[in-house]
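A short worksheet on the structure shown next.
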Amino acid sequence: MIYDSIVIGAGHAGVEAALILAKKHNTLLITGSLKQVASLPCNPSIGGPAKGVVVREIDALGGVMAKAADLAQIQIKMLNSSKGPAVRALRAQIDKLEYPQIIFEILQKTLNLTLLEGLVNNLVIQNNQVQGVCLIDGTKINAKTVIITTGTYLASQILIGDTKKSSGPNGVPTTYGISTQLKELGFEVIRLKTGTPPRVKKNSIDYSQTKIQMGDNLEQIFSFVPQTNQRPQEPCFLTHTNQTTHQVIQKHLNQSAMYGGYVEGTGPRYCPSIEDKVVRFCDKNSHQIFIEPESLSLDEMYLQGLSTSMPQHVQHEILKTIPGLQNAQITKYAYAIEYDAFNPNQLKHSLETKKIQNLFLAGQMNGTSGYEEAACQGLMAGINASLKLQNKPPFVLKRNEAYIGVLIDDLITKGAKEPYRLLTSRAEFRLLLRHDNADLRLKDYGYQLGLIDEKDYNNFQNKKAKINLLLEKSKNYEILVNSDNLSYLKQQKSASLGEKTTLAQLLKRPELNFCTLQHFLQEKADKTIYEQVEIQIKYEGYIAKAQKEAQKLARLEQKKIPSKINYADIKNLSKEAQEKLDLIKPQTLGQATRILGVNQVDISILLVYLEKHHALL
């Protein structure tokens with residue numbers, strides 16, 4: 001039997017890829033452990049700045065992460081709610097036992113999808129085209145396309161102090177064959193590191209020495225299709241390290257796997273270990289530690305901010321210095337994990353490899369960190385593998401269309417030498433890439449690709465129509481200077497009116513919000529629809545400016561660079577630019593502008609060359 005596609009690895013990337021492919025194709029999902037499908041080994045949360053928006057983008061394109069997160073969340077909060085809409089995002093505490101179970105049940109019910117527990121030893125490749133896989137027991141399985149989503153399980157090692165153990169997270173076996181094979185085929189393999197903090201017993205914490213952190217009372221969800229989850233929100237708690245903590249860490253610094261020279265891999269810049277924080281930010285007297293629930297079914301709390309690779313006895317010593325954790329009982333020790341990954345500049349924007357046809361890479365093995373970054377790559381790899389099977393062109397999101405587009409373009413164009421984390425600051429057009437409008441940006445694509453069902457799409461069309469109706473009414477609704485309106489504005493602590501105005505003009509006042517729309521229009525509509533109308537009116541000028549800038553970028557993206565161009569032939573192009581352009585092989589002039597080592601002079605020279613030799617190329 002020949003499968004249309006094989007997905008290797010059932011983490012967050014593999015799950016999204018397999019579910020997308022199975023909508024149209026016969027798909028095999030291979031995992032080292034069916035008990036660890038979509039597991040949360042690093043932290044029990046989904047979302048955060050930029051990442052929460054990605055979860056909504058995944059949902060708008062037909063992915064599953066948002067729906068499962070809504071069902072499994074035990075606390076949810078809108079971050080940056082007091083700031084502008086460009087930086088708002090949801091973050092949820094997730095029940096680490098319930099979430100994988102929800103995903104596993106979805107996989108089991110999915111038609112065209114076969115689940116197989118096993119380890120892949122190597123790929124079957126002929127004439128630079130993948131043909132299938134071989135398992136470690138010698139079984140050969142043929143497929144037309146293959147997606148590798150092995151996360152942190154390639155040649156992985158667990159490190160605690162000076163001890164090393166060959167293993168993936170949660171005791172799942174590591175694998176070496178794929179990494180070795182791709183290295184032999186000329187792929188650049190990079191060594192990366194991440195880590196996780198200790199877990200402690202709930203009832204061993206003195207919560208009176210901590211500050212409680214509650215979720216939002218208002219109902220918040222990731223998915224645009226509401227899921228039922230009526231349970232109460234679980235609290236988190238905040239404590240801090242102190243100078244005594246830092247003295248303990250400094251005293252034992254050379255015993256850390258990181259500072260003792262036992263780690264080869266590069267760690268994440270934006271999620272450093274506690275020993276890294278103490279060394280890098282030595283002027284700070286304390287660091288935050290969030291105490292978070294891992295599951296309603298576990299007597300265990302996660303200590304966010306205390307990731308470390310210190311020996312076990314030092315971990316105990318560290319906890320004894322932290323308020324509320326002096327008597328905490330460790331249920332699972334912190335550790336670092338290093339693993340093989342692949343520099344993503346070896347991929348096309350479709351996430352297909354440049355060297356091997358029909359082979360796609362997605363997730364943490366592409367040098368990213370985070371469940372959300374992995375899931376969106378799996379989704380896009382699944383979509384593009386499906387399109388390849390249908391002989392259709394790839395689907396590539398632009399930087400002004402989605403954070404997913406920003407992430408993939410950054411990876412392909414700039415590569416990765418350390419774990420890449422998506423940040424709002426990485427997006428030039430973050431006012432366009434908001435939490436609230438992910439469906440307005442992407443759901444049409446999802447429907448066109450056959451990933452959104454008719455009922456969902458009809459509901460979306462009705463939502464769009466309602467938004468447009470309220471926008472039009474707001475622009476035409478006249479606010480007269482009368483006692484009722486003046487009294488209302490006074491109640492809202494807003495300036496009086498000197499002459500009549502429109503509701504849209506009135507709403508541009510910073511102290512007024514969607515409640516003003518509801519007060520005057522009296523239209524029946526969800527709060528989210530009113531909020532969308534408010535944002536589009538209040539930030540109209542800024543949004544128009546961002547759209548104008550995006551159009552400028554689009555013009556550069558339309559200038560294609562022939563694949564057969566020889567950069568060595570271009571006179572006056574710097575040596576570094578020649579090397580970088582030849583390595584990345586940008587498809588457009590816009591992409592070339594974002595390559596590190598290619599400056600504006602190089603771009604001007606390249607543009608002149610392309611215009612002069614266009615007919616010959």
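Backbone N, Cα and C define each Cβ position, glycine as well.
For ALA13 (FAD binding site), the same-chain residues lying six or more positions away in sequence with a CB closer than 8 A to its CB are THR149, GLY151, ALA362, GLY363, GLN364, ALA374, ALA375, GLN377, GLY378, ALA381. Among the features that Swiss-Prot reports, FAD binding site is placed at GLY9, ALA10, GLY11, HIS12, ALA13, GLY14, VAL120, THR175, GLN364.
Among the features that Swiss-Prot reports, NAD(+) binding site is placed at 267-281, with the record citing sequence analysis. Long-range Cβ contacts of SER273 (NAD(+) binding site) within its own chain (separation 6+, distance under 8 Å): GLY195, SER256, MET258, GLY267, SER307, THR308, SER309, ALA336.
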If you count Cβ atoms within 10 Å of the Cβ of VAL279 (NAD(+) binding site), leaving out that atom itself, what do you get?
17
Sequence order is fine: just name those binding-site residues in CYS271, LYS277, PHE281 with a Cα within 10 angstroms of GLY9 (FAD binding site).
none
Highest Cβ count within 10 Å among the binding-site residues ARG269, LYS277: which residue is it?
LYS277
What residue among the binding-site residues GLY11, VAL120, CYS271, GLU275, PHE281 has the most other CB atoms lying within 10 A of its CB?
GLY11
Whole-number Å distance between the CA of GLY11 (FAD binding site) and the CA of VAL279 (NAD(+) binding site)?
33
Near GLY267 (NAD(+) binding site), how many other Cβ atoms are within 10 Å of its Cβ?
21
Using all protein chains in view, find how many other C-beta atoms are within 10 Å of the C-beta of GLN364 (FAD binding site).
29
Measure the Cβ-based neighbour count of GLY9 (FAD binding site), defined as the other Cβ atoms within 10 Å of its Cβ.
31
